Amino acid sequence: MKLIVVENKNEIGKVVGKMFVNAVQANPKIVLGFATGSSPETTYQYLIDDYQRNNTDWSNVVSFNLDEYIGLEPTHPQSYHYFMNDKLFNHINIKKENTHVPQGTGDYVVFVKQYDEMIKKAGGIDIQLLGVGTNGHVGFNEPPADFNSLTGVVDLVESTIKANARFFDSIDQVPKQAVSMGIKSILNAKKIILIADGHAKTQAIKQLIEGEISNEWPCTSLQMHNDVTVVVDKEAAAELLRTSGITLNENK
Ligand code: GLP
């Protein structure tokens, strides 16, 4: 696992944004896995800025998102469909028909069973972007997570509902279930980039890097993958750095 510690969330956006731009330029037909939440916002902003400046061509890129709330229509402002359109897809020339966000309404039970097959048919995910929950969840795979899980319907735990209530008018409006790619679906990606910022993530990052592999910390499943890059800010890395005694080189 490769760890990159940067100053702040803006720097995460620059570092990870550049990785994605380089990847798209090197392979215009790349298959990307996208995440939602506040963590990837600066990365998506970097991609939009790059598109406006350099016209990076997204017209043949294919994307698959990690998860979606059950019960929120794609037009709901807190749905992950809406988020992806608003924060990225509407601002670059990716074709909407090449983007896939799990379905959280209608026949979602039927849909979830087809999602991994759709990914496989597209050639598999070349680079999967991931955030992490304060409890170590990836996608919406809550602890204790099944490391063999494929895309399915999952229950959200109370701490996730509370953490995500900030995006809704009240906690009662936060859905209690979601559709999420499973841990196995995520580990099938050829390369994984996980990002996190802020103190709330510091335990999850410590576990991710040096915790024992345990389904109590779903993010530790990434230790079983051979190409994971973790890009975090100093606050998210604080606990890891404190206990490991590593000091950062500040003379950059
Ligand atoms: C959410 C999402 C995850 C996300 C994580 C962290 O609930 N399902 O995909 O990575 O929790 O969210 P944030 O980036 O807002 O801290």
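A Cβ is built for glycine as well, from the same backbone N, Cα and C atoms used for every other residue.
Among the features that TrEMBL reports, domain 'Glucosamine/galactosamine-6-phosphate isomerase' is placed at 14-228. Annotated active site, proton acceptor per TrEMBL: D67, H137, in sequence order. If you look up TrEMBL, you'll see N135, E142 marked as active site, for ring-opening step.
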Neighbourhood of H137 (active site, proton acceptor) by C-beta distance under 8 A, where only residues 6 or more apart in the same chain count: P143, A145, T160, P218, C219
Close-lying active-site residues around ligand 1 among D67, N135, E142, where CB distance stays under 6 Å: D67
Cα-Cα distance linking D67 (active site, proton acceptor) and E142 (active site, for ring-opening step), given in Å to the nearest integer: 12
Residue pair N135 (active site, for ring-opening step), D67 (active site, proton acceptor) - Cα distance, angstrom, rounded: 17
Active-site residues: D67, N135, E142 - member with fewest neighbouring CB atoms within 10 Å: N135
N135 (active site, for ring-opening step) in three-state DSSP notation: coil
